[in-house]
């Protein structure tokens, strides 16, 4: 079943929520330190008439990595070409992309941690020396043909920075980790987005949606669209706190941003009474794949202290027992 709070993964040519995304830094809310540094680096690069150094964005899904890449393209007056690592299956696929770049272009690769080692090998000289090394033939007769590439900026995005190989990670001159948003920041984003949807969103309504959005802009914007539907059906031009609560309750998203899947996950861990449960066991119990659990369900729960991740598996924290209103033996949480 589809989850309204799920961070969906999209192919690069899909334009999910494009109309609601900011196109420049002036309209970009949150991630202030990253934004400040990027503005300086962009001004410096433009002053020297150079390409930006390669950039790596990491962090949970839905926080604005793709949006930042497009803003950088806009601010640099550069063309951006977008792809995702799973689409680059052979070294020839990457070679075709690189040889079609023009001077100053930006290449954005989403899910860059999923590049195969063979593809990474092709990328190294391209990033470092703007050169493509193509091997023709095999064995003693093999020859390497070197093709010069135009200078470009590679922007990589990943939800799993730890899965990047060290040689690839080290070739990014700028590395930024995006953090979860504060409710107040999300409320501002929602109020601005509502205007683009020809609605006015009351501040309290925006805060109500924000606190149920798992600190994630993409989820907040998705919830806003559904709340707008409830307002439209009731012929309301203003989204009120009452209407927002009604819509979100109807969607099954509680005050903490949890839906039925999150609650099932927490129930599974609390039933184990602080005994670690492995990822594969959790996936089997929830009928979900392991990647979805690690990339979609767990980041918010981990960041907010609802669960603990150990070498032996996942453990419910005290907050999980409180959320589910469960009685527990305080001895479960004694330091061992």
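Even glycines carry a Cβ here, placed using N, Cα and C.
Within the same chain, residues at least 6 positions away in sequence whose Cβ sits under 8 Å from that of residue 128 (ATP binding site) are 171. Under DSSP, residue 128 (ATP binding site) is assigned to a helix (H, G or I) in the three-state scheme. What Swiss-Prot lists as ATP binding site is 20, 21, 62, 65, 66, 67, 128, 129, 130, 171, 181, 218, and the listing cites sequence analysis.
For 66, the entry in Swiss-Prot reads Mg(2+) binding site. Secondary structure at residue 66 (ATP binding site), taken from DSSP and collapsed to helix, strand or coil, is helix.
DSSP assigns residue 309 (DNA binding site) to a strand segment in the three-state reduction. Cβ neighbour count for residue 309 (DNA binding site) (all protein chains, 10 Å cutoff from its Cβ): 14. The DNA binding site annotation in Swiss-Prot covers 309, 314.
Taken together, the residues in the region 'Large ATPase domain (RuvB-L)' (1-181) have a mean pLDDT of 90 on the 0 to 100 scale. Sequence annotations record features per position, and here Swiss-Prot assigns region 'Large ATPase domain (RuvB-L)' to 1-181.
Taken from Swiss-Prot, the feature region 'Small ATPAse domain (RuvB-S)' covers 182-252, and the record attributes it to sequence analysis.
Among the features that Swiss-Prot reports, region 'Head domain (RuvB-H)' is placed at 255-336, with the record citing sequence analysis.
Taken over all pairs of the listed ATP-binding residues (20, 21, 62, 65, 66, 67, 128, 129, 130, 171, 181, 218), the Cα spread reaches a maximum of 37 Å, rounded to the nearest whole number. Between residue 130 (ATP binding site) and residue 309 (DNA binding site), the C-alpha separation comes to 41 Å. With a 10 A radius on its CB, residue 66 (ATP binding site) counts 22 other CB atoms from all the protein chains. Counting every protein chain shown, the number of other Cβ atoms lying within 10 Å of the Cβ of residue 62 (ATP binding site) is 29. In the three-state DSSP scheme, residue 314 (DNA binding site) is classed as strand.
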